[in-house]
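Pulled from TrEMBL, these are the features on record:
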{"type": "DOMAIN", "residues": "4-236", "note": "domain 'ABC transporter'"}
{"type": "TRANSMEM", "residues": "268-285", "note": "transmembrane segment"}
{"type": "TRANSMEM", "residues": "291-313", "note": "transmembrane segment"}
{"type": "TRANSMEM", "residues": "334-361", "note": "transmembrane segment"}
{"type": "TRANSMEM", "residues": "373-398", "note": "transmembrane segment"}
{"type": "TRANSMEM", "residues": "405-423", "note": "transmembrane segment"}
{"type": "TRANSMEM", "residues": "468-484", "note": "transmembrane segment"}
Amino acid sequence: MNIVELKNVTKSFEESGKQRKILDNVNLSIQAGEFIILKGEMGAGKITLINLILGLQMPESGTVTVFGYSPEQPESKLKLGLMLQKTRAPESLKVEETINLIRSFYLKSYSAQELLTRSKLEHKRYSWASSDKLSGGEERSLYFALAIAGNPELLILDEPTTGLDPQARVRVLQQIRDFANEGKTILLVSHIESDADAISDLATRTLTLSHGQIQEVCTDNFEQLQQSLLANKDKPSHFEKLVVKPGHLLSMLLGQTKVEFLKLIRQPVVLLSILVLYSLVAIFPKDDPNFISYMTGLATINLLIVAIQTLSIQIATERKQGWIKLLRITPLPAWIYLTSKVIIAFIVSTLGTSLMFSLGIFKVGINQPFLDWVILFFSLILGIIPFAIFGFFIGYILEANIISLVSAFIIGLAMFSSGTIPLPGMPEWLQNLIPFSPFYHYAQILIWAGHLQASEFYNTYLAIHLEWFVWTICITSFLAIWAYQRNRAIS
């Protein structure tokens, strides 16, 4: 059985204003049980080839299949593992927690204890996964454990020993050897000749990428494999067809949400700073007739900070660390990753808004029906959804170090274009543009929900504001999907 098939695959990139073919009408089949060493000069296309197999990039022409599926389909990743050269686990997770997260994505995973034993990390199970608590060799062993967590039939290793001292290098190569001896299929990318020599007795083929073409050298192991496959051709395949069911999707969502929650509570400074911003409602004079307006405005600003700034910084940071790329080659659907972050943002927003409302009610007394408070509360929380989606878009296209500045600009723009702050001397043409701002329609919904219709800034077209809300969700969702696909294409 061919686990991987590339048929007439071509892929080009722009270089110095010209199109350069990295892969030129390439054909490649990888059979079950093979151990392939992939070589090539820097820029020859090794990583491009791997990205095509993983579905992180798309070919210009030709087809790629993994276990008979398109690499974009989650089913192609159920029996696939990858060890990246450069990645970094979230700083707030421990070794065992990181392993448990990744193994929860698979249907036939190893136990956490077995993975810790295989990677010789039993004594580090409670150490932070991304810190100076792990040596270089231990860190590579962790990522090897993550790569094999799902008990994969195909294991792809990208420069697994780069930067390791001799002792750590020997340990990692032995882990690879042990896994290969179980009859697994392995594709090893390495430019280190000593690594290739150390495991050459396992290799079935050595592939060299050069000028867009693949040259292969077969070993005696390849001939033996062919004879074995021929002798067993009439026997049914031992590969079990795996299908992700709704119950497993729910398990993935719960596991990913748990991790997001752990990351939140292990960064108390971030959480407390957000809650402090919400508690600023206490400084407003309680006898001011505009108290509810001030409280609603402050709640809106805080929600925008959580939705746009906090979410986008998280995504940009995990993207830079390579963590998102690692998650992409697991069966974890992108919508579960994003939904888990929305759930945590919703929890934080709910806590903060509840704190603000409690302080507000304590100061001014309950002079509105409880149902009115509930309507205003949910209008604030649900109305932030399109801006949270926009936060995903920002996180995928910008670096974390400039997101705070961009977010401050967007929040300032939101205040300016909400139509609730009088700006003397504003040109008429600029005033006419304000109704086209999604922040304007969000503000109008909040004015209605807070029974602030007496405000000079309110109009009576609630249905139009709700339509704008729906359209804003559609547009920001399109932008987020485009940014995700763009980020995948340049990974």
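Yeah, the Cβs are placed from backbone N, Cα and C, and that goes for glycine too.
Count of Cβ pairs under 8 Å against the transmembrane segment (291-313): among 268-285, 334-361, 405-423, 468-484, the largest is for 334-361.
Averaged over the domain 'ABC transporter' (4-236), the predicted model reaches a pLDDT of 88. Below 8 angstroms of C-beta separation, residues 291, 294-295, 298-299, 301-302, 305-306, 310, 348, 351-353, 355-356, 359-360, 363 of the same chain, each at least six residues beyond the ends of the transmembrane segment (268-285), sit close to that stretch.
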